[in-house]
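Trainee: Below is the structure I would like to discuss, written out as structure tokens.
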């Protein structure tokens, strides 16, 4: 056998149809295979129940690290007290986290209702029929006894019940689907109304749209106002977008020098605390002056022995650089903001405008009208309109792309690349699967023949454990790859990015995890049959799909329990914040950011996996009904874990809110499982017809059932198309009869704008306008944050280098302390009278600044919460003391 044939055989056999290895396994073997996963899950739950009381900043951060209005009461301290708290928390209370988070929990609940209802109807009917449907000559083994493959051809009349239950399953699915889509539409409308009613400051972004591919001639305020004057209420404001790479580069340079300065001071303080040196003052603030090369951060230094090189104070040097950068930031920002409405002036000063424009309309209804209208008679001009914006959700890097041709090329390139990944990912997956088939591996790679000489136990570990780990790593790589490719398309908002990631990830998972693993012919043979003989696909699916049911029993249990256990234990956070964090020598700012940053959920990457499990459950609901009860139990366990995670752990702020759009897409992705069920049953009923004594195929009742299922599939397709047509339009648009409130508000806004226009000649942009500008335009340079020590080193630095005004960069030591052995502990954020940006922490949920050891936030203690700003804000003397050449005494508690 030559190498090429070996490679082809390995692509067709190493991973494809791998699920068929589990066909016919006994119930004892099945329970043995999932017992290990169940044991690991129980260990994770017990470890979580013990560790949650010790590491509350990991397992209950929403009880301590958020604003008072968003805090949740911590659960009881008993070992399993958290279970009753989570169980009693109603699902409606999660609505405050945003529709995406709430509807994800509802998605899991609906899947439980779907599979739980089918378990009560299908299992009592189909399991006895399947179990007694064999003959002595052809008996199935193991769990196959309760699947459709156990029914022999001599008893093909029993397939009527499978056809009947399949139609009941499809009807039950559509009833739930239509009800949930209608309910989701109502929830979104109520959410939009509540944003305008209870949060008036958020009503402005809801009236703002982004227009893409605006030509240069239309990049004029009067021109755009004339175009949109036909809409009710007209235009309230217009923002042009510009390329802010230079300003953003200045901001990054400032952060770079600030980080270098904080690290250098901390390193010198550690050295002095460990080994006190009387020459500390001279050595701490001297170094060789760096020489910039070509204006970049690349630097070179002359040897220390060259005494004629000028020696400068390193802290003063960094402060001078930061002060100069801060002056450039303020100057450039003032220049841009003052002429934000004059692209011509900014163009002459090297600030180019892009073809994306923000337009705020006076009427909420006008934003949805603009989305539906054809805004330009020229093709590819003003062809895309974004509504329901969040200023923090805008992807500014994509917004600053100036060439529309490059945008289209990137869009088409990424789509082709993702399709190639979906089709070609079988190659790396096949190499992973090849490890579980050591004879193929050693035949393909002769140098690995020594593996055959290993003991049987070692070979079982290599072929069983390594493929699982490698496949998990490959799957994680796919998640990041698809997210980066979708971002590279040029999508302008995170909400649309999540929707795009959801669609492509589900397609990938469905093809690679379900179809390729289920079909024994191999991926290359499948595509070959699809191109040469499409009619054979139903028979191919009908032959191979039932055999893989046992594999997916184990797959759903193992992955579901592992997913649920990791949600509780938060292993990544535990390792990062306890083990790695404890041995890192980071600055107070770095350590504080690690402690207070709550984990975020990327719902576009989470929904597809559970849509896949739901599709697999629907596809096997009639073929092997036991999967229904397995799905019901696993979804219940995952729901319970997610309720705890969203209640106490996950960040409640979701900038990429899609207002439930992800939920509607996930529900309709379940159609993939419905279609697989119908196609499999059509092919199966055609294959199992009666035969005469000569072996010739005879049409029977099974053929009639196959025709009936074909009609059912056509009806399902028609209903699917109609649902998409109906709900895509209904969900994306706001109905006219619900716009009276927005119309009333717009009239008040119009009167207010009219009064402002008559009273002003020209004034700086308001805060509402700043919200829709680049983040670098609203950036406020932070202070330098160093830890406070017991011998007064931090006060020496402050007294010599921190000015009494914010004209130069100040240095503060409040909020963190450093022990004599160099360990930094955090007790509050870097807030002072200089730090008005509050980048890392909000002034409403700062922590106590007491310097006692019992209240300092270390790696294994929770913070002491303080509700008043006065107790956490540093004093005047701490933040900006008068200059003094001598050291000050250590701060008192």
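The backbone N, Cα and C atoms fix where each Cβ goes, glycine too.
Curation plays no part in TrEMBL annotations; they are all automatic predictions.
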Trainee: Check each of the ranges 364-391, 504-531, 532-559 against TrEMBL and return the one annotated as transmembrane segment.
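Mentor: Spelled out, TrEMBL records transmembrane segment over residues 504-531, not the other listed ranges.
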Trainee: For the feature transmembrane segment as recorded in TrEMBL, pick the matching range from 312-337, 338-363, 416-441, 572-597.
Mentor: 416-441
Trainee: Within the same chain, where does the transmembrane segment (159-182) have neighbours whose Cβ lies under 8 angstroms from its own Cβ atoms, ignoring anything closer than 6 residues to its ends? I mean 6 or more beyond.
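Mentor: Contacts of the transmembrane segment (159-182) (Cβ under 8 Å, skipping residues fewer than 6 from its ends): 106, 110, 113-114, 117-118, 121-122, 125-126, 129, 148, 151, 618, 621-622, 663-664, 667-668, 670, 674, 677-678, 681, 685, 688, 701-702, 705, 708-709, 712, 716, 719, 723, 727, 731.
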Trainee: Six or more residues out from either end of the transmembrane segment (701-721), which same-chain residues have a Cβ under 8 Å from its Cβ atoms?
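Mentor: 156-157, 159-160, 163, 166-167, 170, 174, 668, 671, 674-675, 678-679, 681-686, 688-690.
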Trainee: Should anything in the same chain at least six residues away from the transmembrane segment (103-127) have a Cβ under 8 Å from its Cβ atoms, list it; otherwise answer none.
Mentor: 91, 94, 146, 148, 161-162, 165, 168-169, 172-173, 176, 180, 184, 187, 603, 606-607, 610, 613-614, 617, 621-622, 625-626, 628-629, 631-632, 635-636, 638-639, 642-643, 646, 660, 662-663, 666-667
